[in-house]
Amino acid sequence: NFNDPRVIVSACSVGVFTGIAVVLFNNGVHEIRDFFWDGIPYRGASWLREEPLDSVWVRVIFVPACGGLIVSVLNAARNAVSEASYSAKAALGSVLKALAACVTLGTGNSLGPEGPSVEIGSSIAKEIHSLLDKNPQTKLSLLAAGSAAGISSGFNAAVAGCFFAVESVLWPSSPADSSVSLTNTTSMVILSAVIASVISEVGLGSEPAFKVPEYDFRSPGELPLYLLLGLLCGLVSLAFSKLTSYLLGVVDNLNKDVGIPKPVFPIVGGLTVGVIALAYPEILYWGFDNVDLLLESRPFVKGLSGDLLFQLVAVKIIATSLCRAFGLVGGYYAPSLFIGAATGMAYGKFISFAIAQSDPAIHLSILEVASPQAYGLVGMAAMLAGVCQVPLTAVLLLFELTQDYRIVLPLLGAVGLSSWITSGQMKRKDVKGTKALEDGNRYTIQQPEESENTTSLSSTEAPPYFNNLCEVESSLCIDDSSIRTKDLEKRIFVKEAMRTRYVTVMTSTLLTEAVTLMLTEKQSCAIIVDNDNLLLGLLTLTDIHEFSKFAKDKSLDSKVLFVSEICSSDGAKCKVPWTATPTMDILSAEMIMNKYDLSHVPVISERVKDCRGQPIGLLDRECISLTC
């Protein structure tokens, strides 16, 4: 009920604290930038491009690498708080992540501040909900208010912040989460966004995030050109997202298969950005100064050529994807706007050149075309919508910043096409939550704590990086579903989730008989017991399949082989490193299953020596997910 004073106080508190936190966050980025770069960003990337290489190369290469080193330490510190209580861990983890983002951006690495601002707002909303208003029906509303406050204070655009909350939090949420009325939620979102925007304006100034050139719209005949720009931005957005997903997978494989430690990756990422910046200094994050450079909105600064703009599109995509994949912390909103501005400006210059150089017989010269800056502005919105799947936010953000109604029609056309191209390729999959994949057999598991011996993903399933919107921009997936899943798993016991129908065999059972029993019961494993019905081990179809190849090579008759032979052939086969008990909660069981890389766990009535006991059930990941 919005008439409840606690709801009003909670919404106002989210706006106040988010506004203050975002101001502190941005000031922290500026202080770190001033410390490391010694005023270089204020002279602009064009100045750095004209400087002799031998006078700047050390700083350009090693400042981002130093940022990567500090981020690596902060990431390790975030993992080290896993022993704390959940609320303390969440609060401390959010602070450490914000510090890592400050360092990432302050040292010039190619990410942006708006994603961390949204996550700051959502973290504050969670804490305020737990302190002031513990009504579960208002939790989603406060999360939406927090995300709106983060965007509105980051861009100084309250209207865009409100629609961002709708697109990123309220629409993707499940119907079960939407028990609070839309009117109450909208009121909380608006209240929080306005307060945060006002505080941000006081703390950071009333100027927009970047200098907006005057928009120029010549004639309705230009609209097809804007639609083509929307198509182009959609394709570039798709390439951006695909490259990010691919590199995330590559880095994950390098960590798991090659054994490269995770702390190494942020340092390599920063070093790579520095090397790229020697040739293309515009890719470094220096606020929105480089966007101003692209839009030619800074006085006395020479604009970039069309060829260089197209090169910057490709290089910025590569640099940003590498930063995200290598574990540096930041958002994709600012890079998307940069890439969109470069794409639109290059496109606008190409169109102007093509019309000026066209054959007079074609009469293209009579077509009035706006300045390249107009296409740059529309390209920014189209790219933001394509990459982050927030088309309404993109349209309203640019409209709010330009304050020119004439931009709306070209914006809607370009943004709609760009978003449509990428919408079929991007899915919201929370890699931290318990999600069933389409085949119903493989799962990604959320754990309550991360430690050296436990991972948040089962190693039997490749992480669902590809086409994953939540991996491209994590602030778009803050609906708190992973926390709800965790709370649920703490309340469910193994006895409620375990299978009570399972196959048991003895060591003297024929392998062919064991396979027949498993296929009859549609089970992929069988529990091995002795004559006293005490647990001896676990036999899987995979074990049998591998052993059958071995038997074939040795010319053994598989029809007369026993279970004991497969278990004795390899000491690791049939062995059960851990068993569950009926009164254990499934969250704890899941943690240990991940630790030992187990897909099935026998459930025993009571433990005897060496995990032995009488089996009473079988626990696997599928039944855990179904029970949840």
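The backbone N, Cα and C atoms fix where each Cβ goes, and this holds for glycine too.
Residues or ranges marked as transmembrane segment in TrEMBL: 7-25 (among others).
TrEMBL lists 56-77 (among others) with the feature transmembrane segment.
Annotated transmembrane segment per TrEMBL: 140-166 (among others), in sequence order.
According to TrEMBL, the feature transmembrane segment maps to 225-244 (among others).
Summarising the annotation, TrEMBL assigns transmembrane segment to 264-288 (among others).
Taken from TrEMBL, the feature transmembrane segment applies to 308-327 (among others). Long-range contacts of the transmembrane segment (308-327) within its own chain (CB-CB distance under 8 A, at least 6 residues past either end) are made by residues 68, 71-72, 75, 104, 109-111, 236, 239-240, 243-244, 247-248, 250-251, 262, 265-266, 268-270, 272-273, 276-277, 279-280, 282-283, 294, 335, 338-339, 342-343, 345-346, 349, 472.
Under the heading transmembrane segment, TrEMBL lists 333-356 (among others).
Residues annotated as transmembrane segment in TrEMBL: 377-399 (among others). Outside the transmembrane segment (377-399) by six or more residues, the chain places 151, 155, 157, 159-160, 163-164, 166-168, 212-213, 215, 226, 229-230, 233-234, 236-238, 240-241, 291, 295, 332-333, 336-337, 339-345, 347, 405, 407-408, 410-412, 414-419, 421-423, 426, 469, 472-473, 476 with a CB less than 8 A from a CB of the stretch.
Sequence annotations record features per position, and here TrEMBL assigns transmembrane segment to 405-422 (among others).
Annotation source TrEMBL lists domain 'CBS' at 498-558.
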The domain 'CBS' (498-558) - residue tally per DSSP class, helix then strand then coil: 24 helix, 15 strand, 22 coil
Cβ contacts under 8 Å made by the transmembrane segment (140-166) with residues that lie 6+ beyond its boundaries: 10-11, 14-15, 18-19, 22-23, 26, 113-114, 117-126, 128-129, 133, 173, 177-178, 180, 184-186, 188-197, 199-201, 204, 206-209, 333, 390, 392-393, 396-397, 400-401, 475, 478-480
Per Cβ pairs under 8 Å, the stretch of 7-25, 225-244, 264-288, 333-356 packing most closely against the transmembrane segment (56-77): 264-288
